[in-house]
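Asks: Can you read through this structure? Questions will come right after.
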Amino acid sequence: MKSLSCIAVLFLLALTLPLAIASDPSPLQDFCVGVNSPASGVFVNGKFCKDPRIVNADDFFSSVLNRPGNVSNAVGSNVTTVNVDNLGGLNTLGISLVRIDYAPNGQNPPHTHPRATEILVVQQGTLLVGFVSSNQDGNRLFAKTLNVGDVFVFPEGLIHFQFNLGRTPAVAIAALSSQNAGVITIANTVFGSNPAIDPNVLARAFQMDANVIRDLQNRF
């Protein structure tokens, strides 16, 4: 009987523990404004907390999303991030925000956020967006064309993208369920790693000639 009880407890833990670690830890105080100095502070979530007696409204304010990003690059997009690295008031709060600007035919190329789910809303233009499910789910593509005001969710850790279908610039705002979501751009990671991955490994994985892989690596 005791063994059955233990099994039941372990089963419940297996169900609930993933939920408990699905996002950043919950704060144990009203706020913990992140600073880079240990003076008069404690270390929480990778940042030292600013002395709460000298915290002010500016610690929770940013205007960086007011300005369009520079989209004059190979992919035709720019991501402007507001996270704990440039807004200390986000420390321990488990959320961050980005503005994505797209040139005509620009894209935010396939990438993942290892620590966050993303929810995106289109502010200007028309976007083709989508994500691909895991191997276990058959790598299914979930894609949608979004217009102004439309919303789409990208589950944590899954490869996703956005592409501007229009002939004019587009803008989107996205929230992420982590103060520091992280980003892994697939092409940059695979073909632009430092040091480079052996071309024979990638040639076998992508079923391509090794010389083609070398050419791709030279581009990144």
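Cβ atoms here come from the backbone N, Cα and C positions, even for glycine.
Below are the features listed in TrEMBL for this protein:
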type	residues	note
SIGNAL	1-22	signal peptide
DISULFID	CYS32-CYS49	disulfide bond
DOMAIN	63-214	domain 'Cupin type-1'
BINDING	ASN108, HIS113, GLU118	oxalate binding site
BINDING	HIS111, HIS113, GLU118, HIS160	Mn(2+) binding site
Asks: Provide, as an integer number of angstrom, the distance between the C-alpha atoms of HIS113 (oxalate binding site) and HIS160 (Mn(2+) binding site).
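Replies: Cα of HIS113 (oxalate binding site) to Cα of HIS160 (Mn(2+) binding site) measures 9 Å after rounding.
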Asks: Compute the C-alpha separation of ASN108 (oxalate binding site) from CYS49 (disulfide bond), stating it in Å without decimals.
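Replies: Given the Cα positions, ASN108 (oxalate binding site) is 34 Å from CYS49 (disulfide bond).
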Asks: Closest to CYS32 (disulfide bond): which of the binding-site residues HIS111, GLU118, HIS160, going by Cα position?
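Replies: The smallest Cα gap between CYS32 (disulfide bond) and any of the binding-site residues is with GLU118.
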Asks: Cα of HIS111 (Mn(2+) binding site) to Cα of GLU118 (oxalate binding site): how many Å, rounded?
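Replies: About 12 Å separates the two Cα atoms.
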Asks: Give me the long-range Cβ neighbours of HIS160 (Mn(2+) binding site): same chain, 6+ apart, Cβ under 8 Å, in sequence order.
Replies: PRO110, HIS111, THR112, GLU118, VAL129, GLY130, PHE131, VAL132, PHE154
Asks: Starting from the Mn(2+) site formed by HIS111, HIS113, GLU118, HIS160, give every other residue of that chain whose CB sits within 8 Å of the mean position of their CB atoms, in sequence order.
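Replies: Other same-chain residues with Cβ inside the cutoff are THR112, ALA116, PHE131, PHE154, LEU158, ILE159, ALA181, VAL183.
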